[in-house]
Amino acid sequence: MDIAIQHPWFKRTLGPFYPSRLFDQFFGEGLFEYDLLPFLSSTISPYYRQSLFRTVLDSGISEVRSDRDKFVIFLDVKHFSPEDLTVKVQEDFVEIHGKHNERQDDHGYISREFHRRYRLPSNVDQSALSCSLSADGMLTFSGPKVPSGVDAGHSERAIPVSREEKPSSAPSS
């Protein structure tokens, strides 16, 4: 009689609450079996499992912060250079577009493209918006907020992406 040895309850996947990479923003990277079948992955390959906390930290999901003084967007775009990125402000929205043509990588040829659109708060000073790309591929879009009653100046314009040589100081969630 064969008896299946199960992992302790605290090492098993958490079912629908287990973070999957399926909707992460790893533009063009491959999917693994646990991305598509998180319930079965521990039974198919019980000795290989990505850490729950590492998955959450490396998820690549953009983060938007809006506090009293400023508005900031952090977006992981590690596969793109500043020349591949376009950041535009149109009315109350910021649009971030990244595209690079087909290039060769370790497994063949790949091309990537993404679009993100975020609503700007009405009190963000659009004349002082800035955008930078850190050495580790974190795009930071930020703008100061103005006191209520002051015109924030809404117009359509492109925001240049500057390159920083130091790694990002973005939150690690």
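The first residue you see is number 1, and the count goes up from there.
Here the Cβ of each residue, glycine as well, is placed from N, Cα and C on the backbone.
Taken straight from Swiss-Prot:
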MOD_RES   MET1  N-acetylmethionine
REGION    1-63  region 'Required for complex formation with BFSP1 and BFSP2'
MOD_RES   GLN6  deamidated glutamine
MOD_RES   SER45  phosphoserine
MOD_RES   GLN50  deamidated glutamine
DOMAIN    52-162  domain 'sHSP'
MOD_RES   LYS70  N6-acetyllysine
MOD_RES   GLN90  deamidated glutamine
MOD_RES   LYS99  N6-acetyllysine
BINDING   HIS100, GLU102  Zn(2+) 1 binding site
MOD_RES   ASN101  deamidated asparagine
BINDING   HIS107  Zn(2+) 2 binding site
MOD_RES   SER122  phosphoserine
MOD_RES   ASN123  deamidated asparagine
REGION    144-173  region 'Disordered'
COMPBIAS  153-167  compositional bias 'Basic and acidic residues'
BINDING   HIS154  Zn(2+) 3 binding site
CARBOHYD  SER162  O-linked glycosylation site
- Message: Rank the binding-site residues HIS100, HIS107 by how many other Cβ atoms lie within 10 Å of each Cβ and give me the one with the fewest.
- Response: HIS107
- Message: Given the recorded positions GLN90, HIS107, SER122, ASN123, SER162, find the one whose Cα is closest in space to the Cα of LYS99 (N6-acetyllysine).
- Response: SER162
- Message: Taking 10 A as the limit, how many CB atoms besides its own sit near the CB of GLU102 (Zn(2+) 1 binding site)?
- Response: 9
- Query: Any idea what the Cα distance is from GLU102 (Zn(2+) 1 binding site) over to SER162 (O-linked glycosylation site), rounded to a whole Å?
  - Reply: 24
- Item | the domain 'sHSP' (52-162), counted residue by residue under DSSP: helix, strand, coil | 12 helix, 60 strand, 39 coil
- Task: Please work out the mean pLDDT for the residues of the region 'Required for complex formation with BFSP1 and BFSP2' (1-63).
- Result: 52
- Residue from LYS70, GLN90, HIS100, ASN101, HIS107 whose C-alpha is spatially nearest that of ASN123 (deamidated asparagine), among the recorded positions: LYS70
- Query: How long is the line from the C-alpha of GLN90 (deamidated glutamine) to the C-alpha of LYS70 (N6-acetyllysine), rounded to the nearest angstrom?
  - Reply: 19
- Item | List of residues, in chain order, with Cβ under 8 A from that of LYS70 (N6-acetyllysine) and at least 6 apart | SER142, GLY143, PRO144, LYS145
- Neighbourhood of SER162 (O-linked glycosylation site), C-beta criterion under 8 angstroms, separation at least six: PRO82, SER130, CYS131, SER132, LEU133
